[in-house]
Amino acid sequence: MTWIFENWERFWEVTEVHLRLSVVPVLIGFVLAIPLGWWASRSQTARAILFPFANILFTIPSIALIVITPVLLGVKILDEINVIVPLAVYTLALMIRSVADALSAVPGNVVAAANAMGFRPLRRFLTVDFPLALPVTIAGLRVATMSNISMVSVGALVGLGGYGQLFTEGYQTDHTEKVLAGLIGTVVLAVLADGLLLLIGRLLTPWARAGR
Amino acid sequence: MPGYAERVKVFGIYIQGDPIGVVVTTGGIRRVIEFRAVTKRFEDGTIAVDELDLTVEAGTITVFVGPSGCGKTTSLRMVNRMIDPTSGTILVDGKDVLTVDPPTLRRGIGYVIQQAGLFPHRTVLDNIATVPLLSGWDKRKARTRAAELLEIVGLDANFGKRYPAQLSGGQQQRVGVARALAADPPVLLMDEPFSAVDPVVREDLQNELLRLQAELDKTIVFVTHDIDEALKLGERVAVFQTGGHLAQYARPTELLAAPANDFVASFVGRDRGYRTLTFLHADVPVHPVTTAKLGERVTVTDWTLVVDETNRPKGWLSGVDGEVEVAEKDLISGGSLYDGSTLRGALDAALSSPSALGVVVDDVGAVTGVVKADDVIQALAKARAAGEVPK
Amino acid sequence: MGGWLFDPAHWSGTTGIPVRLAEHLGYTLLTLLIAAVIAIPLGAFVGHTGKGGFVIVGLSNALRALPTTAVLILVVLWAGLGDFPVYVALVLLAIPPIMAGTYAGVRAVDPVTVDAARGVGMRESGVLLQVEIPNALPLIYGGFRGAALQVVATATIAAYTGAGGLGRLVFDGLALQEFGQMLAGAVLVALLAVLVDLGFAGLQRLTVSPGLRPVGTGGKR
């Protein structure tokens with residue numbers, strides 16, 4: 001812990017990078033997952049295409065995806081995009097299923113009632129289906145965020161920033177304190193992000209706790 | 001195993017030389033269940049059962065009935081120690097159940113619950129063989145016994161290989177009963193076993209239970225919240241009141257004729273007079289009726305009962321002028337049929353018939369005559385005078 | 001690009017692809033075995049007694065937040081290079097999903113079924129082993145197969161501290177700027193993950209009672 005206080009500026013700098021590298025991909029992946037998840041919740045064909053594809057994406061090790069991305073995109077190996085794209089892909093793969101499951105779980109009678117009252121499809125999706133799907137969606141988002149925060153460190157193995165840099169530097173200089181500092185930072189960040197999402201979920205879905 | 005007849009012993013009971021009754025027993029394993037001042041208070045302070053004193057007679061179906069939260073299920077579950085009492089004693093055959101280790105106790109007591117509680121990962125046959133296997137029977141003997149029971153509860157042998165999820169609710173409950181009977185326990189506890197199935201299947205299962213009991217002569221404790229089910233199945237009925245009090249413990253006819261308090265009166269229903277008819281044997285005159293067969297040419301002056309080749313009722317033909325050919329399309333469908341058993345059946349038949357004449361059939365379903373509603377009312381008046389019907 | 005992968009020279013010798021595959025598979029299987037031996041009894045016991053569920057959930061989440069790279073490096077710094085740090089890091093990765101799956105599986109068994117098991121006279125051990133665990137198997141396999149996928153993918157980083165496995169191709173390729181070798185490593189890991197999952201899917205089919213399959217697939221009604 002002393003390392004953190006003695007090197008506060010450095011620690012804060014890697015924290016910022018780590019946060020950026022984990023949050024941006026979650027946002028990108030989540031936004032892309034909403035239309036695809038919606039499609040998968042409505043069509044067997046979409047599910048037959050998207051789900052196996054998402055499963056295969058998951059099996060590619062993050063380190064491999066991080067080293068392949070610069071070649072595929074034609075950017076330098078030390079570009080942050082090389083972490084952002086793979087993590088966005090993982091988030092997307094995870095969230096398609098979450099969004100699809102969440103939307104499929106919206107009670108049919110509620111949807112039927114909304115249709116019967118004359119909701120048009122887009123308005124119904126935004127004001128009925130999506131809010132009701134939020135609890136399951138947010139549960140998926142929590143898992144994606146946690147795993148992203150943990151995976152950003154892998155980028156350091158090829159020289160990218162974040163807490164992972166503390167791991168590799170600590171390893172190369174036999175400096176246990178530095179590695180521990182990065183580990184503590186990662187866990188604290190994960191717990192804070194998880195708590196924040198939990199809170200957002202509760203605020204957005206007050207009905208979920210009513211009547212318990 | 002020996003057949004039923006070989007296991008039965010009959011003892012006469014005599015007082016001063018006059019026979020007053022007989023006791024039938026299967027190999028001397030009749031059980032009595034006694035509750036002595038049994039109280040169950042749950043951790044949150046609610047009293048589920050309050051000072052229950054009750055003796056379940058051996059070889060009877062005894063029904064515990066009452067609204068939810070009255071302690072009927074808790075009382076039942078204390079017999080096989082699924083729940084232990086806070087105070088008081090429960091004796092099965094004179095032995096305090098608290099002195100027996102629960103698994104051993106339970107293997108000797110059949111247990112049937114709502115929704116059957118079958119093991120979804122085991123075939124029907126393996127489900128039925130559970131208790132014999134737990135009790136250390138060898139596998140083949142247990143399987144043979146299970147196959148036997150499948151037949152006893154009225155399921156085809158090919159059900160044995162299926163899994164519970166492939167069965168209907170009623171079929172699952174039959175398997176549940178078979179599983180409870182597998183090790184031939186003298187006592188059977190049934191906790192709302194038929195509540196989760198639809199009314200038609202429920203009636204089937206109830207009749208099946210009565211048929212089985214006539215053959216097996218077990219000591220059965222049956223819990224239900226349905227007073228109709230209680231009155232139909234119970235030789236003795238214990239009505240429980242909210243708060244775990246036993247309000248009345250009596251035969252169904254007594255319960256209907258003389259409810260112990262307002263709670264029992266309202267629980268058995270405002271229509272208890274009508275229900276009583278179910279327990280009264282009819283002494284109603286059967287009148288002849290004019291019948292005609294389909295396709296015959298007849299002159300119909302009054303209500304005529306149309307029957308098929310085997311003399312079973314098809315429907316009524318109302319009075320028409322002149323000679324007509326009896327055709328299916330002209331029939332007015334009839335009401336319920338009366339099999340000559342209870343006063344309620346007679347009244348139902350008379351009231352539901354378009355001709356106001358209740359069709360009486362014999363045990364193969366052939367028409368023997370008709371009863372009139374007036375006669376039923378008269379029989380009822382007679383029963384009332386004799387004190388058999390609540391006033 | 002695929003040239004590296006299909007060059008026969010890379011398919012033989014002590015650092016050839018078959019050896020790397022075997023090492024990778026070895027890490028995966030032993031990790032899963034150790035994790036299962038720890039996580040299944042723990043999850044099952046807590047699921048059975050219903051007490052301490054928050055410990056399981058809390059422990060799972062805390063372990064999930066641990067970055068595997070950091071654990072690997074820390075154990076190497078403490079205990080030295082070798083396979084031991086790899087197993088510590090991967091077992092900690094595999095425990096949460098297996099434990100959570102087992103716990104959820106046992107909790108999800110219909111209380112009516114459990115009541116019936118006690119009611120027919122099973123002892124607590126019988127209730128757990130003969131009824132709860134067989135019925136929880138689909139969810140236990142769910143957690144286990146999720147863990148298997150993660151372990152296959154993550155075992156790649158073992159090579160960072162000089163251990164074996166398919167990660168060698170990725171890190172050696174990175175050091176030599178040989179894109180073909182890195183790609184070969186990535187493709188082989190993904191392929192291995194699919195094969196391992198297929199293997200466990202087969203095992204699941206063999207060991208889970210047909211009575212627990214969704215209605216309509218277990219036979220005719």
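Placement of Cβ uses the backbone N, Cα and C atoms for every residue, glycine included.
Please treat TrEMBL annotations as automatic predictions, because they have not gone through curation.
Feature annotation from TrEMBL assigns domain 'ABC transmembrane type-1' to A:15-200.
Taking Cβ pairs closer than 8 Å, the transmembrane segment (A:20-41) reaches residues 47, 50-51, 80, 83-104, 125, 141, 144-145, 148-149, 151-152, 155, 160-162, 189, 193 in its own chain, all 6 or more past its ends. Taken from TrEMBL, the feature transmembrane segment covers A:20-41 (among others).
Per TrEMBL, transmembrane segment is recorded for A:53-75 (among others).
Taken from TrEMBL, the feature transmembrane segment covers A:87-113 (among others).
Summarising the annotation, TrEMBL assigns transmembrane segment to A:125-143 (among others). Below 8 angstroms of C-beta separation, residues 26, 30, 38, 94-95, 97-99, 101-103, 105-107, 110-111, 114, 119, 194, 197-198, 200-201, 204-205, 208 of the same chain, each at least six residues beyond the ends of the transmembrane segment (A:125-143), sit close to that stretch.
Annotation source TrEMBL lists transmembrane segment at A:149-167 (among others). With a threshold of 8 Å between CB atoms, the same-chain residues lying at least 6 positions outside the transmembrane segment (A:149-167) that come near it are 14-15, 17-18, 21-22, 62-63, 66-67, 77-78, 80, 82-83, 87, 90, 178-179, 181-183, 185-186, 189-190, 193.
Residues or ranges marked as transmembrane segment in TrEMBL: A:179-204 (among others).
Outside the transmembrane segment (A:53-75), and at least 6 residues removed from its termini, the chain residues within Cβ reach (under 8 Å) are 81-83, 85-87, 89-90, 92-94, 96-97, 151, 154-155, 157-158, 160.
Outside the transmembrane segment (A:179-204), and at least 6 residues removed from its termini, the chain residues within Cβ reach (under 8 Å) are 1, 3-4, 7, 11, 14-15, 18-19, 22-23, 131, 134-135, 138-139, 141-142, 145-146, 149-150, 153, 163-167, 170-171.
Long-range Cβ contacts of the transmembrane segment (A:87-113) within its own chain (Cβ-Cβ under 8 Å, at least 6 residues beyond either end) map to 21-22, 24-26, 28-30, 32-34, 36-38, 40-42, 47, 50-51, 53-55, 57-58, 62, 65, 124, 128-130, 132-137, 139-141, 143-144, 147-148, 151-152.
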